[in-house]
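Per Swiss-Prot, these features apply:
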| type | residues | note |
| --- | --- | --- |
| BINDING | Gly54, Arg55, Gly56, Gly57, Ala58, Gly59, Phe60, Ser61, Thr62, Gly63 | NAD(+) binding site |
| BINDING | 166-213 | FMN binding site |
| BINDING | Cys344, Cys347, Cys350, Cys390 | [4Fe-4S] cluster binding site |
Amino acid sequence: MLKEEDKIFTNLHGQQSHDLKSSKKRGDWENTKALLDKGRDFIVEEVKKSGLRGRGGAGFSTGMKWSFMPKNLEKSCYLVVNADESEPGTCKDRDILRFEPHKLIEGCLLASFAIGANNCYIYIRGEFYNEASNIQRALDEAYKEGLIGKNSCGSGFDCNIYLHRGAGAYICGEETALLESLEGKKGMPRLKPPFPAGFGLYGCPTTINNVESIAVVPTILRRGASWFAGIGKPNNTGTKIFCISGHVNKPCNVEEAMGISLKELIEKYAGGVRGGWDNLKAIIPGGSSVPLLPKSLCEVDMDFDSLRTAGSGLGTGGIIVMDQSTDIIYAIARLSKFYMHESCGQCTPCREGTGWMWRVMMRLVKGNVKKSEIDELLNVTKEIEGHTICALGDAAAWPIQGLIRHFRSEIEARIKSDSVV
């Protein structure tokens, strides 16, 4: 359990103002120049030592990602912050954007300095109007105080930060589709390689990081890598914002240590499952794109490695709780419709497969399938998984795989007759 003094996001629920004056009282922008004066290599190494892994879902080492950026280049390079939070069940970045904007902006400055980028773009979800307004106000305050812009914080480093609003496409949360959109093109993922660190925004070296990943950097540098590494579990260090929704008594966002048990998280902060723990049916532990877990596996630790071992994933940390009243087949069918709608259509397996899977899922809801079609559906998910340019195909396949793995008997019980055509 996380100690109160170890919390990074002390205004996560908007108890206080998000303006610059209040943010400074909470420790933001405290002696930022001294951190910049320590040099780029220090910042990158400190973030590496902290064990910070990307909070957007992939869980890749943030410091390692920064180290991939080429050094001593004459052409521009960029930092891009992915604030296009669109994953069903996930709203952690939204609260950072609303209530802790200066943590993000200070993190942008430090990360930009670390990778040698004089320009940073915050790409925010189009529907986040109020959040975008808060970020823009915070940027205006930071420019006015000389914290960013020319000679940021008096360090001699120039850092300009721009806010760019998306247009509501889920696919633009994929890093290369985001870059395409930022360039004014249709948001469609790029083939990799080349990777963004070599050929990113406008053909220049680019690092793309999640909002939460960037927002924790200033606190890590102030308190030290060993402090952050001492929270959580080995290889799964630090704090994480979890979003708890669904059939709980008190849906909430909460910052906790990595590795806390899923059951403890729900019972301590969300008031427990509606009707008690025995009324639990299943939980999606990391946003809609990861496989669900049945009640028997729901005391797992909430970290990258433990959830992977359990057959799911930490993803974004969006916890969706489903009690016994849930039509689990329809719940997953609804997610299938989402991924069908959000597919960009570039890759044939995803373009054709997501629609096919949704149609079969809707027949499963009504029980109008043959038992053999369950295996056929599972085979199609495996043909889509790993055969697309980006991970949206995987995201569409995994919820269905989790459903069949853990609730096959419920699917079979609903099938009306094997003679259905």
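Cβ coordinates come from backbone N, Cα and C, glycine included.
Under a cutoff of 8 A between CB atoms, and with a sequence separation of 6+ in the same chain, the neighbours of Thr62 (NAD(+) binding site) are Val47, Leu52, Arg53, Gly54, Asn209, Ser213, Val217. Checking each of the binding-site residues Pro196, Tyr202, Ile208, Cys347, Cys350 against Ala58 (NAD(+) binding site) by C-alpha distance, the shortest gap belongs to Ile208. For Gly56 (NAD(+) binding site), the spatially nearest entry among the binding-site residues Gly166, Pro196, Ile208, Cys390 is Ile208, judged by CA separation. By a simple count of nearby Cβ atoms, those within 10 Å, the most crowded of the binding-site residues Gly54, Gly56, Gly184 is Gly56. If you take the CA of Cys172 (FMN binding site) and look 10 A around it, you hit none of the binding-site residues from Phe60, Cys350, Cys390. Among the binding-site residues listed (Phe60, Cys344, Cys347, Cys350), Phe60 has its Cα nearest to the Cα of Ile208 (FMN binding site). In the three-state DSSP reading, Thr62 (NAD(+) binding site) counts as helix. Arg190 (FMN binding site): 19 other CB atoms within 10 A of its CB, across all protein chains.
In this structure, the CA atom of Cys344 ([4Fe-4S] cluster binding site) is 12 Å away from the CA atom of Arg190 (FMN binding site). The two recorded residues, Cys350 ([4Fe-4S] cluster binding site) and Phe60 (NAD(+) binding site), have Cα atoms 25 Å apart.
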